[in-house]
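See below for the structure under consideration.
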Amino acid sequence: MAVHHLLRRGISGGSPLHPLRGLLLVSQASSAAAGDAVAELRGAREDVKQLLKEKSCHPILVRLGWHDAGTYDKNISEWPQCGGANGSLRFEIELKHAANAGLVNALKLIQAIKDKYAGVTYADLFQLASATAVEEAGGPKIPMIYGRVDVSAPDQCPPEGRLPAAGPPSPAEHLREVFYRMGLNDKEIVALSGAHTLGRSRPERSGWGKPETKYTKNGPGAPGGQSWTSQWLKFDNSYFKDVKERRDEDLLVLPTDAVLFEDSSFKIYAEKYAEDQDTFFEDYAEAHAKLSNLGSKFDPPKGVSLD
């Protein structure tokens, strides 16, 4: 009900309210609703933490949040045509995009949490799960805000082809084409690449990596795949060290990884992050938060914080 109606009539249609009292009641109702939303989000965050302990699913939850947000196109002003973190990845048509192979498993993992906290949107849950996974793996605290609005139908999904590929002919050019389209810069490209310290590449999904290595043959989780780092459930700066040194044939280096130490601009940041984990964590947290907000429509407009 519009505020001017609340001022003219009682909240339940009874006696007229004094204007100031009417505004107070509206403010109290808004505050209560915001409080309920924050409580649900906090509850969902605790359940995500428990899920991570039980399933060791940190990498796929990071990927889920990234791939929902990473379709953003800064050159399109209309929402939701611009893509981004809007919950569209829950729809089958987008889950079937080649770059999203396997992410249906992530959706299945968190669906029970979504059902439990019905007031939490998919867009928020995807980003909450992603940030929480980084933090619980030992990564930096990410300055997240919530209140994202979901798209409502599959026809609002973005077209296929907006996400980065692993082995393009010109890796540096490809990374810039994809990430510049999102409004990100070279420092943010390199910092975000550091999230490959988590997880494995599975050849049956991406066409890249070994079927298994000494680091992945026993899990945790489903065994197999090839990881970028030896401790692939720990978030640190090992990715940059390992890509730079390339001393272990059981560790994966994709063309888009190698180019971080070959391109003159990327190399500045990659070298820095290999030497200084604190700087990497600071830059990563800022870049992850920025990525998580791309293309999002917030209610309330400035979002809400859980901390």
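Each Cβ is built from the backbone N, Cα and C atoms, and glycine gets one as well.
Note that the coordinates shown come from a computational prediction; the quantities given were computed from them, not determined experimentally.
The annotation domain 'Plant heme peroxidase family profile' is assigned in TrEMBL to 61-307.
Remote same-chain residues near the region 'Disordered' (199-227) are listed as 55-60, 62-63, 101-102, 166-167, 233, 250-252, 254 (criterion: CB distance under 8 Å, separation of at least six residues from the stretch ends). Feature annotation from TrEMBL assigns region 'Disordered' to 199-227.
In terms of DSSP secondary structure, the compositional bias 'Basic and acidic residues' (201-215) contains 4 helix, 1 strand, 10 coil. Annotation comment: TrEMBL describes 201-215 as compositional bias 'Basic and acidic residues'.
Averaged over the domain 'Plant heme peroxidase family profile' (61-307), the predicted model has a pLDDT of 97.
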